[in-house]
Amino acid sequence: MLLRFTKMHGLGNDFMVLDLVSQHAHILPKHAKQWGDRHTGIGFDQLLLVEAPNNPDVDFRYRIFNSDGSEVEQCGNGARCFARFVLDKRLTAKKQIRVETKSGIIELDIRSDGQISVDMGPPRFVPEEIPFEAAEQATCYTVDVDGQHVDMAAVSMGNPHAVLRVDDINNAPVHELGPKIEHHPRFPARVNVGFLHVVDRQRAQLRVWERGAGETQACGTGACAAAVAAISQGWMDSPLLIDLPGGRLSIEWAGPGHSVMMTGPAVRVYEGQVRL
């Protein structure tokens, strides 16, 4: 059978989006791996599935697969593309949408200027909830990475993140430390790794090594996690701007117990069909 799909991106973090509300198909991890290959498939960082909700209090169910076939809990840039997609496809007429993910419910707000704000929910710091192996909760942890002591914050934005502060974003050891920390035994579910350079109290630069995808042009949950880490450690103030290789996100966080708000663009690239 042929399935209609849409290619989209949020700041260069690119997605294949499938409407499984009006189309019916059983998508498996092997399909994500096959389609995600940039040489022999469609090519993307993540596959996003738009499904009918299980919960009557929400509008849609949102599932995410990395290009390696692994299913993940959350994707912030994908959430903005999800909102743009369901509106453009007339799956809803609402400008404010509630969506269930593997990690909980998020709220999407399509603004009049075309930007999309996502209520990502409150960050989680309890090690067991990230998950991260630590004797007790802390703002900063020192982790032994191949004999090198690396300081990092650990936080969950519905998916696990480690955040490292660096002095030079261009020479940050993303490809050296990224995969080592991603697979570090203290992160039993693997982890996304953010390399953060603080420019001033309102602006920072960020590169992210994403779990199951490698370095991407942008990572929405990574930007949220980096902002939370920077505010928690007293480096920055809310609201703030995070510059990623693919562009800029605006992040707001009022502190523990409060939701993180992320605002940025979502772009449709093309429509296509793929054989299942």
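Keep in mind that glycine also has a Cβ here, set from the backbone N, Cα and C atoms.
The following features are taken from Swiss-Prot:
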BINDING   Asn13, Gln46, Asn66, Gly76, Asn77, Asn159, Asn192, Glu210, Arg211, Gly220, Thr221  substrate binding site
ACT_SITE  Cys75  active site, proton donor
ACT_SITE  Cys219  active site, proton acceptor
SITE      Tyr270  site 'Important for dimerization'
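Features as recorded by Swiss-Prot, highlighted on the structure.
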residue : record                            : CB count, 10 Å
Asn13   : substrate binding site            : 30
Asn66   : substrate binding site            : 22
Cys75   : active site, proton donor         : 30
Asn77   : substrate binding site            : 36
Asn192  : substrate binding site            : 26
Arg211  : substrate binding site            : 25
Cys219  : active site, proton acceptor      : 36
Thr221  : substrate binding site            : 32
Tyr270  : site 'Important for dimerization' : 8
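What surrounds the substrate site, by Cβ distance within 8 Å of the Cβ centroid and not counting Asn13, Gln46, Asn66, Gly76, Asn77, Asn159, Asn192, Glu210, Arg211, Gly220, Thr221, is the set Asp45, Ile64, Val72, Gln74, Cys75, Gly78, Val208, Ala213, Thr216, Cys219, Gly222 from the same chain. On the backbone, the CA of the residue listed as 'active site, proton acceptor' and the CA of Asn13 (substrate binding site) stand 7 Å apart. Cα of Asn77 (substrate binding site) to Cα of Tyr270 (site 'Important for dimerization'): a span of 17 Å. As a whole number, the greatest separation of Cα atoms within the substrate-binding residue list Asn13, Gln46, Asn66, Gly76, Asn77, Asn159, Asn192, Glu210, Arg211, Gly220, Thr221 is 17 Å. Mapped onto three states, the DSSP output places the residue listed as 'active site, proton acceptor' in coil.
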